[in-house]
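Reading through the structure tokens given below for one structure.
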Amino acid sequence: MSTTALAPHDTPETAGRHAAGQRVTFPRVVHMEWIKLRSLRSTIYTLAITVALVVGFGLLLSSVVGSGEGPGQDDFGDPTSISLGGVTLAALAISVLGVLMSAGEYATGTIRATLSAVPARLPVLWGKVVVFAAVSFVLMFIAALGAFLAGQSVLSSRDMATAALSDPGVFRALVGAAVYLTGAGLIGLAVGALLRNTAGAITLVVGALFVVPGLIQLLPSSWNDAIGPYLPSNAGNSFMAVQTTGDALSPGAGLAVFAGYIVVLLAGAAVLLKRRDA
Amino acid sequence: MIEVDNLSKRYGDKLAVDALSFTVRSGVVTGFLGPNGAGKSTTMRMIMGLDRPSSGTTRINSRPYEQHKAPLQEIGALLEAKAIHPGRSAYHHLVALAASNGIGKRRVLEVIDMVGLTEVARKRAGGFSLGMGQRLGIASALLGDPQVVMLDEPVNGLDPEGVLWIRNLLKDLADRGRTVFVSSHLMSEMALIAEDLIVIGRGRLLSAGPLADFVAQSSGRSVRVRSPQAAHLRDLLVGDGVSVTSSEPGVLDVQGLDAAEIGERAAASGLVLHELSLQEASLEEAFMELTRDAVEYHATTAEFATTGGTNR
Ligand SMILES: Nc1ncnc2c1ncn2[C@@H]1O[C@H](COP(=O)(O)OP(=O)(O)OP(=O)(O)O)[C@@H](O)[C@H]1O
Ligand SMILES: [Mg+2]
């Protein structure tokens, strides 16, 4: 160990004062979050699992649907939806990743190092949002496209109805799937930042995205019809579906509702991040 | 420079820091002392902007920390708790922090080398020992080559070589005009490196100023007298405001009279003196004296002994 790395001749006035170009900018905070994301094996694994779920489950559904072993034999459903059947489950994995990215920093104490480097605090939250959204959207769109193309080729090899990318609503559904998965992750990120507790945040997000929709169906149907379409998962499904069915929201309205959840949760996370002890 | 002004922090109904004001100047090492639970770590977290004060302000180099454009060049801190993901390598942890402030990879490798972690820098930090974690914390404190260095019990877990290195590093930083603020439990450690001293107890300021003054002002000052006629001398000295104790035969510890006065009284009565010396209280004694009433968590050995026999 040595101390030679200190500047050799600084005076009290110049010591440590602003070496050229060294200051905090938003792109630099984004860069920090990007390094943090890719330097953890757990995030890489979770992303890989999410992609595998989207593609793998889509392939599985495409190869079993209509084979007489599953429910709904009369209505094979829309071929695009069949090949995107893995998205619901993948949303579980990616929302956990969102939670890990925020609450995980509190669990490990990394947040104190992070906020010491960026004491303005808010850029850290927005940096995480930008990095997560960009990485997730790109990967999830590729996964959805892969699931669609592979699924359609399986369906066609089984002489079943297929869809083409150029069919109306198909491309929007693929983008919608990537948006939904990214949004589910952002909900996880925001809830993780609000609760600062990994287990609690995962429970809450899984409950809201996967358990509540089932519970709502147990309510009287007038309630169910009134609330159901506005749940985050159902609002998301409405912009992932090629055709709007039943009492689901229109794609535009579904997207607006879904985005509303994310904006409100992130705004809450921002307010508390600014206010609370780290 | 660190300025703390009327700073308070309340956790529930616990007042951890109570109207604390002090200034830490540049160019010297300033020690931050206080018994367990005095509020040292809490104060340091507030200086770093991590804990929000209940009232009062802190400023680093004349500004609230969060207003600085290049925060890591203003202050680098090692705080009490670990601040790294166990799954991430020390290298990536530092590279990420450096990136946020526009600090290059070269500096990251430099600080890793400075703290002696080069060999393990690429390994997962979860496997680090206490001392290695401490060295990593110090590396991240030095990352921005900051004007102010603030360390919460830095020698915690370090081996003797590491302790010596820290001591030299802190002195070196102070000599270069940096502000160095270090908390410690080891008064002996402070005596070796600190020039200024800030002492708190129960969240309140007990003393602030040069370490030498702190020792001199403490009431533990006494004069040690060795004489073959100790008993006679004792009768001569005791009186109003003067107390005399004896730790061994022929030796008196006199409080309340200075050495000259004692020597003159002895000479006037024709008594022989073999030793007449001023005993300065050690930093340790002065510290204990000062914080006696402010110690929150007294050891209870005595109580334990008396109740020990009544086990049912
Ligand atoms: N996050 C917290 N929530 C509640 N109480 C806290 C919190 N942090 C500190 N305290 C309390 O505030 C007081 C001061 O604690 P602090 O850790 O600042 O003391 P310290 O001087 O660093 O002690 P030590 O020498 O043991 O490290 C203690 O009574 C502690 O229990
Ligand atoms: Mg402490």
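The backbone N, Cα and C atoms fix where each Cβ goes, and this holds for glycine too.
In TrEMBL, annotation is done automatically, which means it is predicted and not curated.
According to TrEMBL, the protein has these features:
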type	residues	note
REGION	A:1-20	region 'Disordered'
TRANSMEM	A:44-62	transmembrane segment
TRANSMEM	A:82-104	transmembrane segment
TRANSMEM	A:125-150	transmembrane segment
TRANSMEM	A:170-195	transmembrane segment
TRANSMEM	A:202-223	transmembrane segment
TRANSMEM	A:253-273	transmembrane segment
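Ranked by the number of CB pairs under 8 Å to the transmembrane segment (A:82-104), the listed stretches A:125-150, A:170-195, A:202-223 are led by A:170-195. Under 8 Å from some Cβ of the transmembrane segment (A:44-62) lie the Cβ atoms of residues 38, 82-87, 89-90, 93-94, 96-97, 100, 135-136, 139-140, 142-144, 146-148, 150-152, 154-155, 177, 181, all in the same chain and six or more residues away from its ends. For the transmembrane segment (A:253-273), the most Cβ-contacting stretch among A:125-150, A:170-195, A:202-223 is A:170-195 (pairs under 8 Å). Within its own chain, the transmembrane segment (A:170-195) is flanked in space by residues 50, 54, 80-81, 84, 87, 90-91, 94-104, 125, 128-129, 132-133, 136-137, 140-141, 143-145, 148, 163-164, 201-202, 204-205, 208-209, 232, 236-237, 239-242, 251, 255, 258-259, 261-262, 265-266, 268-269, 272-273, which lie at least six positions past its ends and keep a Cβ under 8 Å from the stretch. Only residues 6 or more beyond the boundaries of the transmembrane segment (A:125-150), in the same chain, are considered here, and those with a CB under 8 A from a CB of the stretch are 26, 29-30, 32-34, 37, 47, 50-51, 54-55, 57-59, 62, 80, 83-84, 86-87, 90, 94, 97-98, 101-102, 163, 165, 170, 174-175, 177-179, 181-182, 185-186, 189, 193, 266, 269-270, 273.
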